[in-house]
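Asker: Take this structure, written in structure tokens, and hold onto it; I'll ask about it next.
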């Protein structure tokens with residue numbers, strides 16, 4: 001199979017939405033019957049985002065094979081059917097690490113290691129490897145043209161453009177075309193300068209996607225085409241929209257997919273965007289709304305919970321309701337108690353690390369349990385629910401996780417020291433292990449207990465979800481917690497680890513050790529999120545009734 005490559009760069013400012021644009025183009029090409037994948041090349045020195053602060057970088061998206069990756073890979077999976085893996089995201093740090101490891105082994109036979117050719121060759125190998133087996137590979141370059149950090153990546157894709165030729169490569173550049181209120185017009189000069197910067201390093205863009213708060217007039221498109229040496233039909237206007245799922249249709253309406261397929265000489269069917277039209281219709285026509293309180297510690301940056309936010313919206317589509325998310329700092333819950341939890345239709349406690357605010361999360365679980373308020377716990381959200389139940393129902397005073405209190409009298413949650421991976425291999429970690437890359441990561445099979453809400457949600461006796469954690473339920477307390485009324489509704493493939501818990505006599509008190517948000521899409525939803533939002537809508541009706 002001959003893979004074609006589309007390289008996506010950004011200029012003028014950061015946060016233009018390269019990832020959304022790349023994913024939207026991929027969605028159209030997939031709708032034309034093509035096998036598409038997307039890669040993200042990140043210019044930072046970290047090996048991966050695994051140990052980066054969520055308030056700086058946003059969430060860490062976990063792939064099926066256990067890679068800790070950039071949140072843009074979540075966008076990719078929500079827009080196309082192709083599942084991402086560790087080949088779809090790599091950083092400057094990872095490239096340098098691998099090159100230096102080869103140098104230590106003597107693979108370069110004593111050569112002087114340089115950015116060109118050794119680093120650029122390593123980048124090219126990663127890109128070609130990631131695209132193998134697909135009709136089209138879209139490669140997003142992180143950062144902004146002009147940043148010193150991005151230069152090795154830009155040089156690498158420049159070389160690939162020469163080596164693979166125009167028949168197999170296309171360069172798409174996102175720029176900002178701002179509207180100046182005082183002048184009453186859009187300004188194209190930033191775009192011209194951005195393209196000039198890109199051309200100065202040897203890359204001539206084939207397509208310009210011009211971002212702005214409004215559509216770009218035809219005369220301004222012609223001006224951009226003239227001064228940037230790009231065909232006028234290849235100047236695409238991408239205005240701000242109220243839903244990212246409208247973007248595939250916007251790009252298709254301007255013929256971007258047709259331009260790409262003709263450039264590559266690919267004969268394929270017309271794009272059928274019916275599924276996306278259905279998503280947009282459901283989003284625009286809810287029959288009601290619910291308010292979900294998300295109790296977390298990284299709420300100052302909503303992108304820290306990006307996949308959770310999107311999964312709640314997807315669940316709203318399947319329940320025909322609009323989901324309003326109220327972000328609640330768990331430390332505020334510690335200070336003010338139930339005052340900040342009143343008026344909610346459901347409480348969700350997402351994953352997280354560290355002791356700060358954990359008692360607020362435990363209080364939120366207690367409030368939901370005692371007030372029959374739908375509760376959904378994810379990862380740490382499951383652990384705090386179990387701790388709360390142990391303390392206040394099972395009579396285990398002082399129960400806690402050893403992550404937060406080493407000398408707790410009842411360590412109901414403890415460090416996992418050994419577990420089976422999906423391939424059957426044993427993974428191990430200890431108290432002194434590195435933080436990075438030492439968690440239970442990736443897709444794991446979960447056995448669901450018959451007659452539970454979990455099994456009813458999935459309509460199956462097993463599920464496969466993705467994990468990212470170091471701590472688990474202490475099996476020494478299972479019998480006592482079960483006798484107190486807690487149901488262990490999901491167990492690991494070897495039935496040694498607790499994956500899900502729930503309360504049987506509660507409208508919806510369900511929690512999982514895994515991260516179901518990573519598998520939610522607008523077209524398919526995710527069973528637990530759909531069930532949780534349905535319970536929240538039912539709770540609201542009971543209150544109104």
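Don't overthink the numbers, they just go from 1 along the chain as shown.
Positions of Cβ are set from backbone N, Cα and C atoms, glycine also.
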Asker: 15, 16, 17, 18, 19, 20, 239, 240, 241 bind ATP according to Swiss-Prot; which of 70, 72, 289, 303 goes with them?
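Answerer: So, going by the record in Swiss-Prot, that would be 72.
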Asker: In Swiss-Prot, the residues 352, 380, 381, 382, 383, 403 are said to bind L-glutamine. Which of 263, 470, 480 is said to bind at that same site?
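Answerer: So, going by the record in Swiss-Prot, that would be 470.
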Asker: Quick one: which of 14, 24, 401 does Swiss-Prot put in the CTP site with 147, 148, 149, 187, 188, 189, 190, 191, 192, 223?
Answerer: 14
Asker: List the residues of the same chain that sit at least 6 positions away from residue 381 (L-glutamine binding site) in sequence and have their Cβ under 8 Å from its Cβ, in sequence order, or write 'none'.
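Answerer: Once residues fewer than 6 apart are set aside, residue 381 (L-glutamine binding site) is near 348, 349, 350, 351, 361, 365, 511.
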Asker: Using a 10 Å radius around its CB, how many other CB atoms surround residue 517 (active site)?
Answerer: 29
Asker: From the Cα of residue 187 (UTP binding site) across to the Cα of residue 379 (active site, nucleophile), what is the distance in angstrom?
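Answerer: Cα-Cα, rounded: 47 Å.
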Asker: Between the recorded positions 382, 470, 517, which lies closest to residue 188 (UTP binding site), Cα to Cα?
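Answerer: Going through 382, 470, 517 one by one, the closest to residue 188 (UTP binding site) is 517.
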Asker: Rounding to the nearest whole angstrom, report the longest C-alpha distance spanning 14, 187, 188, 189, 190, 191, 192, 223, listed for UTP.
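Answerer: So the maximum pairwise Cα distance among the UTP binders is 24 Å.
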